[in-house]
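Undergrad: Below is the structure I would like to discuss, written out as structure tokens.
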Amino acid sequence: MKPDRDSLDEFFEYEAEDFLVYLALLITEGRTPEHSVKGRTEGPHCPPAQLSQPAPNKHECSDKLAQCREARKTRSEVAFLWRNNIPIMVEVMLLPDCCYSDEGANTDGNDLNDPALKQDALLLERWTLEPVPRQSGDRFIEEKTLLLAVRSFVFFSQLSAWLSVSHGAVPRNILYRVSAADEELKLNFSHSPTEHVFPVPNVSHNVALKVSVQSLPRQSSYPVLNCSIHSNLGFYEKKILPREHSVTQPHNSQDNDQNSAPVSQHAFTKPSWSVGPEGLLHARTNVSTDLSLPVRNSKLLSTVDKGYSIGTPPSKHQCFSMTGNYKAAPQEPVRNFKSFSLVGVPCSPQASQTVETNPLIGSLIQERQEVIARIAQHLLQCDQTSSQINSHSIINELSSINGKIKNSSEDEKFQKKNKESPPICTSTLALTLSTGNQISNLKKAPDTPINSSRPILEFHTSPNPQARRKLILFESNEHFCNPFQSSGQSTVPSSNNENINKLPEKRDIKQSEHGEISTRTGNQLSNSCNTNDRLCTNTQIVPEDKSCTDSFHKPQKDNPKICSQKVGHRNGQAQETTCRETRKSDHSNQLLSIENCINKDRDNIQYKEPQDKLKSVHDENEDPTNCDCLAQGQRKCNGNCLQRSESLKNTEQKPIQLRHSCTWKKQTFRSLDGISTKAFHPRTGLPLLSSPVPQRKTQSGYFDLDNSLLKLKGLSTQRQHVNGFTDEDTVATNKQLSSSAPPAPCLSLLGNFEESVLNYRFEPLGVVEGFTAEVGASGIFCPTHMTLPVKVSFYSVSDDNAPSPYMGNITLESLGKRGYRIPPSGTIQVTLFNPNKTVVKMFVVKYDLRDMPANHQTFLRQRTFSVPVRRETKGAVTENGLKAEDRTLRYLIHLRFQSSKSGKIYLHRDVRLLFSRKSMEVDSGAAYELKSYIETPTNPQYSPRC
């Protein structure tokens, strides 16, 4: 009956539903791209490699994180399918980088109904998780073994190889889809896939799990994916030429080139935009565009009510049309538009003319109208880190493409209309781009999209205080004009550049890696709107009437105000300005207490220091020690702050003591760093820790104590009441003690050094930190290996302070109340590492506890001796015939076992070791070998648990 019980209870450490979720999350998050040498990492929701080991930093999900939302969605989908006994399918696919966003790794399953997405996606893997009836007979593998196999497959997959080679740059748009496996397949492999079937584990008493994966064959190079929009560019070139096609041609003059907007209300109510392979912004309409300058990091969101229509000619003015209220703040000079909204409103009625489209082209555009509008919401620009391209090559490539479109779309009738009625531009926004010295000065803008529907501009600032630069604040009820904007003018006034350059030297505005307005305007456009731009270092946006004090300059048109102090609210009534004074000594210890004092004295500081006293404005790059804000408040609390920091510092320096059965003296329980004389030999001065284990010439061979130890002056007085270890004294001691007597304040030493140390009867001379041990077991199942810290101590046991073996203690309390679960019979392996991560000893212990009753306990001790080799009598000498004085104890391991009520076997409480710090197998000059002996209690072998 016991094997049946083991087969039913032994291997199911996880619930079946949780195990399915682990597998799904490992597939979807096991290859999260990151910019590193490895190129990928496991997401925070992936199961750890060692589930039994406590995680150092446990992840807490937040609804604000997209990855957490996707993980929660995956959990719910997998749980729903599993509860309904439906096979689960996970598809891994790639999308082109040009027309799909790289922010979201997952998308709704409904989007796969889109014919354009079906055509654009490249299917890499198709995983199938199918519940099957429980396997009969011998078990195949455990759930954890399957988890490791899936992790290994994910690690060595084609997708991981691409990420590793590119250091996380490509692929960027990875799509995961969780669905029912019995649904109709919406995507097919481009080549015949290879299939791998994993071993089938049992996940419950009557259900097993079959996991299989179909993957695309390995490819030597990364495939270049083109979306359906860009791949049909040649189709338009071939079809437009033989057909009659009327399009409004922009009027070319010697001064500037102006491109009109799309004019077909029916076919272009939602214009399509595309980003080329080099990251260029194109208007995918049938008008001729002249784009010759890269626009980096462009994400375009398509809306119908509000937005922009954007074009970027090389060095001329470009007309824009927009509807509704607009608010945008470019975070660096040109080419870094992060988010704009597109509408299909033409520039002016005069420029709008009906277009006679070809029926074939018109039907194709009408069919893809909704598809293009949805894809346009996720348009993005290739990242600067992925490709660095030359502007001259971009100009040449675009000019050739635009030339083809112009030649194919022009006819005689079209040219006549251009001569008779030139287009009239009525836009209110003009941009000029300078390709000279500004290219090298541009830096990457933050990835925060700026939507025209947002009332307040949002910025993502770096956690590094030095990277927090000046932000642009504006009122939500007024228009915000950027430095690249002009009010209904096609030329740029030069007076605006002078206004910006007239800023004081102390208020110099610098660029940062998170994007900001450069004062080196040169040939750039400047702001011509009548708005008051305020540049501040705070991360809170405060209305203008509450953010500046009377001491600042009065508001003037086209005069930015610069404030380098943090502005905030308290109880919605008033603001406070705080500046923390940097101290050179004990800054880290006093920081917390100083902030607490400042928080307590906020009210006094606000009323005692009015706002009109803030007469000087500091630059954020100046030395913070020059800031004299809150000087009075800090003088008041500095005394208390120093006292509190000292008390806090003292509480953090409490020593950590080992847990044992007797109380050790604080005078003798010291760390290795605090030992002066006892760590070295008093006569020779040599280090005692590196000496070999002393050989005791005694009858027992168990590191017996010498009687001369009792006369030492260096030992503590608590050990002086113990007399010689004779049989008479031992009997007399046993007679004095009874089971009803209370325990002595300090327990006496036991019969030999081994027992005294293992039972914590010795006071340690010091402790050594940094030892670790890897604990594992094998048998009918293999539990997860664990790496645990080892508390190591050493002792003084001889008259010349010769070193003793080290005592190591591995606490299993972190694994739970029961301990470390092991098979009923098998092998336990404990690998000990020193602080240098070098193996000191590998203990391998065989055991058999299959006959151990439930709710019982026992122990096992393995001793390893160095035994001389006698070649002349090899094979004739038995273990019993070996004399005790011929062997020396080298290593020892003490294990404790207990059984639960259901009969499961656990290693519990701790594992105790005796060893030498150095890996000393045998002496080089002697013929010795190591032999191990295992001892267990015999009468009784098992005892009931308390």
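A Cβ is built for glycine as well, from the same backbone N, Cα and C atoms used for every other residue.
These figures come from a predicted structure and were not determined experimentally.
Annotation comment: Swiss-Prot describes 34-43, 503-517, 547-560 as compositional bias 'Basic and acidic residues'. According to Swiss-Prot, the feature compositional bias 'Polar residues' maps to 247-267, 484-500. For 24-32, the entry in Swiss-Prot reads region 'Transactivation domain 1 (TAD1)'. Annotation source Swiss-Prot lists region 'Disordered' at 34-58, 246-271, 484-524, 547-567. The region 'Required for macropage invasion' feature in Swiss-Prot is assigned to 749-806; the stated evidence is similarity to another entry. The region 'Transactivation domain 2 (TAD2)' annotation in Swiss-Prot covers 833-841, and the record cites similarity to another entry as its basis.
Tell me what's around each of these sites.
TA: Same-chain residues lying 6 or more positions outside the compositional bias 'Basic and acidic residues' (34-43) and placing a CB less than 8 Å from one of its CB atoms are 25-26, 28, 67, 71, 160, 163-169, 385.
Here the region 'Transactivation domain 1 (TAD1)' (24-32) returns a mean pLDDT of 93 for the predicted model.
Under DSSP, the residues of the region 'Transactivation domain 2 (TAD2)' (833-841) split into helix, strand and coil as follows: 0 helix, 4 strand, 5 coil.
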Undergrad: What else in the chain is close to the region 'Transactivation domain 1 (TAD1)' (24-32), if you only count residues 6 or more beyond its ends and a Cβ gap under 8 Å?
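TA: Contacts of the region 'Transactivation domain 1 (TAD1)' (24-32) (Cβ under 8 Å, skipping residues fewer than 6 from its ends): 40-47, 67, 70-71, 74-75, 78, 88, 90, 92, 105-106, 127, 129, 147, 150-151, 154-155, 157, 159-160, 163, 174, 176, 178.
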Undergrad: From the DSSP assignment alone, can you count helix, strand and coil residues within the region 'Transactivation domain 1 (TAD1)' (24-32)?
TA: 6 helix, 1 strand, 2 coil
Undergrad: For the region 'Required for macropage invasion' (749-806), how many residues does DSSP put in helix, in strand and in coil?
TA: 6 helix, 21 strand, 31 coil
